[in-house]
Amino acid sequence: LAGTMATVNLRAVTSWVGIARLFAIVLSCIAFSLVASTMDFGGPYGTWCMFTWCFCFTVTLLVLLLELLELYPMLPFSWDDFTSAFSMLAALMVFTTSVVFPSTFIISPCNSSKCARQAVATTVSCLCFLAYALEVGLTRAKPGDISSFLSTVPGLLKVFEAYVACLIFSLLDKYSSKPGLQWCVAVYSICFIITFLIIIFTIGRCLSYIPCPLEKMLVGYSTLALMMYITATVLWPLYSFKDTKRPDPCGRDCSWNKNLGVTFLTIFNLIAYLVDLVYSTRMVFIRAP
């Protein structure tokens, strides 16, 4: 009977990582509770913010319970890779929400009780982002340690690259009439699919079945993705803003603003792939002693 009982690992909630997760659970719960009490979270942006807080709360609570009861070794995937990828994803999602929510729903002057709750929810969301960022920093692999790929800098960058690509897809608008923009969308799609598959295969422990040197393959892919993103960084603004001026007024759904957002996100991913290539090359060709 004793062998079938789940053991309790108190270190899951007393370690620094566990404390960061507890803070993330409490803060995300407070954020979506405050916003829910205002009854003002309609539309795609409000739905996204509520989904982010609820999703991060639910998964982090599940992670904490599985580690507390030491049930995670029974799962058929790499637990360390999964938790590293999730903490990075949660940090990015909560950061985006902490920017989108106040810019969309808080109206100046803020002198009502509803606005006060929205402001507090924004502050709590920022603190929640810091909790997830702390978890990412605490679980990041030390130099030379590649036992958990998604906790290394290239692994964390893979999550960042995939997330930024998702943001780009959410902003795409009116690109089908220009071949240059179609190429850019193809770049975003191809790089996202391959990066997402790398993340999924890593968590599922499937990369070992690939019949070629994995580390060198990742370096080759990072090089190819970097070159493709260089072309997109040049072509997207060239074709998007050629012979066009910013309309006045240019509201929330203005195509010009969306194209500007895609331009900056493309640059962010270009930098991410460059750093990814540098770190991947160092991991493969410059071994730590």
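Any Cβ shown, glycine's included, is placed from N, Cα and C.
TrEMBL annotations: computationally assigned, not manually curated.
Annotated features, as they stand in TrEMBL:
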- 12-144: domain 'MARVEL' (DOMAIN)
- 149-285: domain 'MARVEL' (DOMAIN)
- 15-36: transmembrane segment (TRANSMEM)
- 48-66: transmembrane segment (TRANSMEM)
- 86-107: transmembrane segment (TRANSMEM)
- 119-137: transmembrane segment (TRANSMEM)
- 149-171: transmembrane segment (TRANSMEM)
- 183-203: transmembrane segment (TRANSMEM)
- 218-239: transmembrane segment (TRANSMEM)
- 260-279: transmembrane segment (TRANSMEM)
For the transmembrane segment (183-203), give me same-chain residues lying six or more residues beyond its boundaries with a C-beta closer than 8 angstroms to one of its C-beta atoms, as numbers and ranges.
77-78, 81-82, 85, 149-150, 155, 158-159, 161-162, 165-166, 168-169, 172, 175, 210, 218, 221, 225, 228-229, 231-232, 235-236, 239, 266, 269, 273
Limited to the domain 'MARVEL' (149-285), I'd like the whole-number average of pLDDT.
87
Rank 15-36, 119-137, 218-239, 260-279 by Cβ pairs under 8 Å to the transmembrane segment (149-171) and hand me the top one.
260-279
With the transmembrane segment (86-107) as the reference, find which of 15-36, 48-66, 119-137, 218-239, 260-279 contributes the most Cβ pairs under 8 Å.
119-137
Tertiary contacts of the transmembrane segment (48-66) (same chain, 6+ residues out, Cβ under 8 Å):
12-13, 18, 21-22, 24-25, 28-29, 31-32, 35-36, 41, 72, 75, 83, 86, 90, 93-94, 96-97, 100-101, 125, 128, 132
Sequence-remote contacts (6 or more beyond its ends) of the transmembrane segment (218-239), Cβ cut-off under 8 Å?
154, 161, 178, 180-181, 183-184, 187-188, 190-191, 194-195, 198, 259, 262-263, 266-267, 269-270, 273-274, 276-277, 280-281, 284
